[in-house]
Amino acid sequence: MIDFAVPSHLENYIGGYLIGPLSGKFIDNVNPATGEVYCQIPDSGEKDVELAVGAAKKAFPKWSATPAEERFLVLNRIATLIDEHRDALAEAESTDNGKPLWLSKRVDIPRASANFRFFATGIMHFSADSHTMEQTAINYTLRQPIGVVGCISPWNLPLYLFTWKIAPALAAGNCVVAKPSEVTPLTAFLLARICKEAGLPEGVLNIVHGTGPGVGEHIVKHPAIKAISFTGSTRAGERIASIAAPMFKKLSLELGGKNPNIIFADCDFGKMLKTTVQSSFANQGQICLCGSRILVEESIYEKFKTAFLEEVKKLKVGDPMEADSKQGAVVSKVHFDKVMGCIETAKEEGGSTLAGGKAVKPEGRCAGGYFIEPTVIEGLGPHCRTNLEEIFGPVVTLQKFSTEEEALALANAGHYGLSATIWTSDVSRANRVAMQVEAGIIWVNCWLLRDLRTPFGGIKNSGVGREGGWEALRFFTEAKNVCVQL
Ligand SMILES: NC(=O)c1ccc[n+]([C@@H]2O[C@H](COP(=O)([O-])OP(=O)(O)OC[C@H]3O[C@@H](n4cnc5c(N)ncnc54)[C@H](O)[C@@H]3O)[C@@H](O)[C@H]2O)c1
Ligand SMILES: O=C/C=C/C=C(\O)C(=O)O
């Protein structure tokens with residue numbers, strides 16, 4: 001039986017054991033929907049990372065030599081246990097993060113089990129190349145696990161993104177030192193209990209809780225950790241690259257976005273409208289793929305604006321545990337202040353607030369929580385802070401364009417290049433625009449439709465490297481070519 005009760009103090013998972021931080025220090029963990037502290041998180045440091053690396057190094061020879069079929073079995077058991085305990089995990093995720101419970105149940109937790117299942121099965125099909133030099137030689141390429149790798153994840157999709165890194169790393173035969181966000185550590189802690197129950201050998205996965213500077217940087221700096229997979233802000237990505245690059249570590253950086261949602265007049269208006277409400281405000285706008293810059297063709301601009309505002313005003317913001325709350329709380333007081341500050345900046349820059357713009361104060365249990373109205377801003381050009389900087393909250397802007405060239409110029413303004421959505425029923429235009437938008441992920445007439453086999457990642461300041469499918473398994477392995485003369 002796995003215990004899903006939340007203890008007063010979360011623990012690290014090192015060498016197969018759940019243990020407190022060596023310093024004995026903890027950080028408050030706040031429920032953002034109520035503003036109340038509900039448990040303590042280890043404030044781990046360099047020594048805890050050292051312990052975790054030691055455990056991972058010790059486990060590596062055996063785990064890397066374990067047949068893929070056996071790695072499949074244990075990772076698949078983890079997937080099954082996540083599914084079996086979906087409700088408890090979803091409740092933990094929503095309590096920790098503030099997102100609606102229905103969203104955790106429908107998206108976050110099912111995706112976490114899918115990540116394990118996908119890479120568990122994937123590793124049994126993973127293969128490498130061979131190149132024949134006619135009559136002369138044959139080259140074959142080995143794909144060997146790297147050793148100990150580091151995985152660092154953010155707070156917006158906590159278990160979803162944590163497992164998206166850990167699963168391919170483990171499937172490929174590596175041992176992992178992982179750090180979830182200190183803002184949302186609970187489901188990673190519960191995952192440790194699941195891994196024990198599933199029979200994951202000790203030391204194969206180690207989870208160290210704590211802050212970016214306290215734990216994350218020590219993972220990045222550790223000489224025995226040969227690859228870092230990081231998802232988070234562009235600023236932290238820069239810092240990580242500055243440490244890891246001179247050490248010649250493999251790096252995968254999934255960073256911020258300021259994604260355009262390009263709406264042409266010939267689109268399926270109803271479908272576009274429904275999806276645009278989601279791509280703007282799902283998870284309180286705290287998804288790196290949210291389309292925060294809505295670009296609309298002039299001829300339908302007014303029609304779109306009226307219909308969109310009508311839908312946005314219907315979105316109920318409130319207690320994440322209530323089934324009719326379309327939006328819950330943003331993740332923390334710090335983030336609440338940041339997003340409210342961005343709304344102020346938009347006003348100072350001359351933007352008009354068409355919807356939202358204010359904090360929401362629900363009655364009862366959530367009176368002390370961090371809730372923000374879905375906010376729509378108009379009247380700002382592409383080069384202001386509001387349209388250049390990632391807000392990562394329930395705030396979108398509207399801009400209009402009259403030609404395809406203008407749409408592209410607006411879409412490509414700025415330094416990010418993560419994703420884009422294109423709405424049109426002209427297939428040639430969809431392909432033409434997709435070719436020219438500067439982003440790593442393009443959706444045509446849909447949003448966040450995910451096939452886990454596809455390469456996932458951004459260009460420009462949105463990161464380097466790709467996750468997903470073979471890309472992830474290639475990232476977590478070293479290619480070694482063997483050339484045999486015939
Ligand atoms: N591209 C993607 O796939 C993707 C996905 C989700 C979130 N994000 C981005 O993440 C950001 C929001 O998440 P966040 O606020 O948790 O990001 P963050 O960069 O503050 O933190 C992410 C993680 O990195 C750790 N960290 C922070 N500083 C570090 C350092 N110097 N060294 C090592 N680790 C460090 C944090 O403790 C946390 O675990 C947004 O910018 C969002 O766009 C990107
Ligand atoms: O907030 C960022 C969302 C990232 C999503 C994925 O990495 C994914 O769907 O695989």
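Residue positions begin at 1 at the first shown residue.
Glycine too: its Cβ is placed from the backbone N, Cα and C atoms.
Record features (TrEMBL):
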- 25-482: domain 'Aldehyde dehydrogenase' (DOMAIN)
- GLU254: active site (ACT_SITE)
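Across all of the domain 'Aldehyde dehydrogenase' (25-482), the predicted model scores a mean pLDDT of 98.
Following the DSSP three-state reduction, the secondary structure of GLU254 (active site) is strand.
Sequence-distant neighbours of the residue listed as 'active site': residues of the same chain at least 6 apart with a C-beta under 8 Å from its C-beta are PHE230, THR231, GLY232, CYS288, PHE456, GLY457, GLY458, SER462, GLY463, GLY465, GLU467.
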